[in-house]
Amino acid sequence: MNNWRTGLITALLGIAIFPSAAQALPEESRIPGGVALVPLVGINSTTAPQVSYGEQRVMVVPNKDAGRKADWVAVVGIPLSAEADQPQTLSLDDKTFGFDISPKEYEAQYLTVPNKRHVDPNPDDLARWKRESAEMKAAFTRWSEPDQIVDKMELPATGRFSSPFGLRRFFNEQPRNPHSGLDIAAPTGSPISAPAAGEVVAVGNYFFNGNTVILDHGYGLTTLYCHMSAIDVSLGDQLEAGDLIGKVGATGRVTGPHLHWSVSLNNTRVDPLLFIGKE
Ligand SMILES: [Zn+2]
């Protein structure tokens, strides 16, 4: 077959493989902080294959697309720190699946926080934060296999999006980690509800994050809620979509009352809006 024909057929297949409506959420966005949907071509197992990205196991879902070239699709969270010129690799036993990502320049944000210790923590603060991050990491790296795979989320709070995901951040003019979630500004006391079914796997009052809850939705998908004025759940609670988690507040490192909401896949924080259906 000559080249233009091969190219044309590849292009047509490319469209046929990824009709966005037929594939389960999240929406694909192959950039740092985005999600890659990688078809596992040539894998014919009847149960979901065990695939890893770096150290972490990744979500694998059945490919529901009628014109599918693969039975399974890996749903991979791409770190904000990923370099666009570095090829990304998934591994499955002795096989590998590569994918490319595009560069993304996120905007810078300069914030002034009143509590100086939230910018320059003292040794006690740092020791506390270290314990808390270990607790949160344990929640983010959890692997559970509930009956339902979450493929759709509702926003957990109503309000203006005050800070988008991915901003490069400066607190009191000092560079800090990029913004790993979406901020929703709302008055203190506004309800925060579960965006999908999940289990409460961390509850705490943390140095930077204030009153915090982490939900495990299964298969490496977790969500984080910070700065709450009140927590209305306990460790181990099984929540349904819409159940009350807590209330918006201004605890921890904040400039005003808001919900900080993070969504994590394979222990990687990704843009929460990729999980919200656009209707
Ligand atoms: Zn935030």
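The backbone N, Cα and C atoms fix where each Cβ goes, glycine too.
All annotation found in TrEMBL is predicted automatically rather than curated by experts.
Annotated features in TrEMBL:
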SIGNAL    1-24  signal peptide
DOMAIN    31-104  domain 'Peptidase family M23 N-terminal'
DOMAIN    178-272  domain 'M23ase beta-sheet core'
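Assigned with DSSP, the residues of the domain 'Peptidase family M23 N-terminal' (31-104) fall into helix, strand and coil as follows: 0 helix, 29 strand, 45 coil. Counting residue by residue with DSSP, the domain 'M23ase beta-sheet core' (178-272) contains 1 helix, 53 strand, 41 coil.
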